[in-house]
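J.: Below, the features straight out of TrEMBL:
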| type | residues | note |
| --- | --- | --- |
| REPEAT | 10-43 | repeat 'TPR' |
| REPEAT | 94-127 | repeat 'TPR' |
| REPEAT | 178-211 | repeat 'TPR' |
| REPEAT | 220-253 | repeat 'TPR' |
| REPEAT | 288-321 | repeat 'TPR' |
| REPEAT | 329-362 | repeat 'TPR' |
| REPEAT | 371-404 | repeat 'TPR' |
Amino acid sequence: MLPPNHPNLATYYISIGLVYYNMGQYRKALEFYEKDVEIMKTAPSLDHTDLATSYNNIALVYDIVGDYSKALKLNEESIYIRGKALPKNHPDLATSYNNIGVVYNNMGEYWKALDFYTKALEIHEKAPARNHCDIGLCYDNIGLVYNYLGEYKKAEEFHGKSFETMQMAVSCDHPSFSSVHHNTGLTHYNMGEYAKALELYEKARSLREKVLPMSHPSLMASYNYIGQVYKNMGEYSKALEIFNKGLEGMKKMPNKNVWSFSNIYLFYSQRLAPIFGTDLLEEHPISAMIYSNIGDVYRLMGDYKKALSFHQKALKVQQNVQCNPLQRATIYVNLGETHRELKDYKKALEYYEKGLELRQMKLPENHPDLGVLFHNMSKLYLAFGEHSKAIEAIQQALKIAQERLPSNHPHFLDCQKTLLLLQTDV
């Protein structure tokens, strides 16, 4: 019988934690990862790089549940330890750089994410034994950042590199390809190519369903994005069906009694004592976006009361978790659209301005999402009777669309129609 802090137990704790992590039971995963750290810190022959790996494991849990500040801190500790102990081109450092890039990406800090992803890629490309999967995933991550920055051609280029590189190591139906399919689908979605986006999103979902529990956040993300495609294609009933699948998956979380993110300190001070009574559905950032997307479908269907209800649910979730400010901006914009439809123009403008402030703070000035918002504001100003402001806003929207979107993109065409309407009205 080994004592509870025997070094040999650390490996078992890591393995058990990984199983729980892959099952989506993050509180249990964290519990075993923390046991591993406790052993590492008391071991007489401590290998500090192993401790860095342990910090990295815990950071992954915090990132996936949306506690980005904690994930960032642990990843920085991991980089500090590895930076002192390892050569600058060591693959483990690349892993740390990649992981911190993921956190920054989730926080909406895209230029910082790009910097760390590029550092990781440089190490992997210079490695004597090239790992094509690692290189491919770096390309994929860089492509995703360009997606979020609205640079869709660059995104397409890097996702293409990712696909070609990973094919050298694994078959196209390997689970590792799920993120490549999904992120390439996002590029096509952003370019208005909805049929192609749907095809790729479905490929990603199919691969994820083979290896992940139905409650895993990656699957929830698949449902969320597939639902958005159906929404934009005007298939509202299908969109609602898909969004509700995502919510049902969250409800089926094997361990719904997770910690409250507002009580992280208490969680640590009581040595991982569980804090009961909080449902994951109300605690995960992805659920906020699903709620808001459902609300937007109801808006498009003309059911504004239901739309407002779901948007308010989304805001409530985001008040309880750390989230990407751009996701909050989207919820504000969706609320603005709903209030505009209800002819509550003052409230609509209030939400548009909140969304605009966040997007201008985080995005390039010619980002397509800013163009969409300027278009919305143009329609609002027209309803207000402020014709000159409406013209100014639609011209801003059209300028961005001309710079960033294909000429047949639905948003580009809508902007042209709105401008024509305003010019005719004069």
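Cβ coordinates are placed from backbone N, Cα and C, and glycine is handled just like the others.
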J.: For the repeat 'TPR' (371-404), which stretch among 10-43, 178-211, 329-362 has the most Cβ pairs under 8 A?
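T.: Going through each listed stretch, the top one turns out to be 329-362.
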J.: Taking the repeat 'TPR' (178-211) as reference, which of 10-43, 220-253, 288-321, 329-362 has the most Cβ pairs under 8 angstroms?
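T.: Maximum Cβ contact count belongs to 220-253.
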J.: Under 8 Å between C-beta atoms and at least six residues away from its ends: which parts of the chain pack against the repeat 'TPR' (288-321)?
T.: 66-67, 220, 223-224, 227-228, 231, 236, 239-240, 243-244, 246-247, 250, 260-262, 282, 327-328, 330-331, 334-335, 337-338, 341-342
J.: How many helix, strand and coil residues does the repeat 'TPR' (220-253) contain under DSSP?
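T.: Breakdown, helix to coil: 29 helix, 0 strand, 5 coil.
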J.: If you run through the repeat 'TPR' (10-43) with DSSP, how many residues end up as helix, strand and coil?
T.: 31 helix, 0 strand, 3 coil
J.: With helix taken as DSSP H, G or I, strand as E or B and everything else coil, how many residues of the repeat 'TPR' (371-404) land in each class?
T.: 32 helix, 0 strand, 2 coil
J.: Which numbers of helix, strand and coil residues does DSSP report for the repeat 'TPR' (329-362)?
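T.: Its residues divide into 31 helix, 0 strand, 3 coil.
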